[in-house]
Amino acid sequence: MKIEKLKLTNFRNFNKLELNFENLNVIFGPNASGKSTVLEAIHLLSTAKSERAQYDKDMIQRGKEFAKIEAGITRDEENIKLELNIVASERYQNLARKLVKVNGVSKTLINFAGNLNSVLFTPSDLELITNGPVLRRRYLDSVLSQVSEEYRHSHTNFTKIIKQRNKLLERINEEGKGQSELYFWNESLMKEGNIIHKHRQEFFDYIKNLLSRYGKKLHKDGGDLTEYYKKSEVTKERLEEYKTREIAAKNTLIGPNRDDFSLLLSGMDLQSFGSRGEQRMAVLVLKLCEMDFIYNSVHIRPVLLLDDIFSELDAAHKKRIFEVTALQQTIITTTDLAVIKENLKDPSIINL
């Protein structure tokens, strides 16, 4: 897997930008020069969803009606052209729609995601441990949507089901009507929810031993790194059990939309008891596991995107990351070339 070329048009602060990539690339420039934007655009091509934007329209340059990302990639020796357009809504201020093409042929977002596989590692990934479950569920969606079309379909369907079911719960609460319709939505909820749970469980089953192994390499005297997947099962029995509470809350209270997971060191939840260094180590290990999981799933190593992370890592963790860069195409952003040149041989330098 390799990104050969990238072209941005009206994307955030870039009016026009064209870049060519080698196997090992370093994007160098001061803060606010757009380095992170380049990696955001690449990862957006992988998942069709931005990790940074609250609204898709936020990615369109101010005053413009659209943004475009184009990339030429090589996958299994096949040349593929990817194109993603973000078009501002004429009716709604914050809304935009995404239109995508593969080799000039229009695709759905479900069929577009996964053509390019990438792993993005940023300093803000620490929030996977320190923040709430919404970010962790979004992380699982980002990983699994790259490797499974079934997951993408089920997640899209599940999101629609939740919206319709919540509207029905609100109607039952306020008007006392529509309880008979719950059966249909419950069946759909169970069907798609169980598919999502299957894929999430496969992810955690795969990384279980890797977490421990990588964790011991990076934190030799610090105990065993493990995960705890808090799956919110969706069954007929639980739906019946939660029925009264869901009507009162006007919200779906069980299912993948309520899942969470924790990373633990020696059995202690790192969110509550981990030091900053231990939390950073755990996130780094999780990202290494993510790379292995994607490779095991699609048999192609994903492109590694490192967004100005070295100032946040100690010497041992930097060493591990530098070792990994040789395994696949890597694109690094930095404001400090010295640490890169000390550890990497002849990277391609891109100045912004």
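Every residue gets a Cβ built from N, Cα and C, even glycine.
Where the annotation comes from TrEMBL, it is an automatic prediction and has not been curated.
Per TrEMBL, the features are as follows:
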{"type": "BINDING", "residues": "Gly29, Pro30, Asn31, Ala32, Ser33, Gly34, Lys35, Ser36", "note": "ATP binding site"}
{"type": "DOMAIN", "residues": "3-337", "note": "domain 'RecF/RecN/SMC N-terminal'"}
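By the criterion of other Cβ atoms within 10 Å of the residue's own Cβ, the least surrounded of the binding-site residues Pro30, Lys35 is Pro30.
For the binding-site residues Asn31, Ser33, Ser36, counting C-beta atoms within 10 A of each C-beta gives the highest total at Ser36. Within 8 Å of the Cβ centroid of the ATP site, not counting the listed residues Gly29, Pro30, Asn31, Ala32, Ser33, Gly34, Lys35, Ser36, the chain contributes Thr333, Thr335, Leu352. Take the binding-site residues Gly29, Gly34: by the count of other Cβ atoms within 10 Å of each Cβ, the lowest one is Gly29. A helical conformation is recorded for Ser36 (ATP binding site) in the three-state DSSP classification.
Mean pLDDT for the domain 'RecF/RecN/SMC N-terminal' (3-337) in this predicted model: 95.
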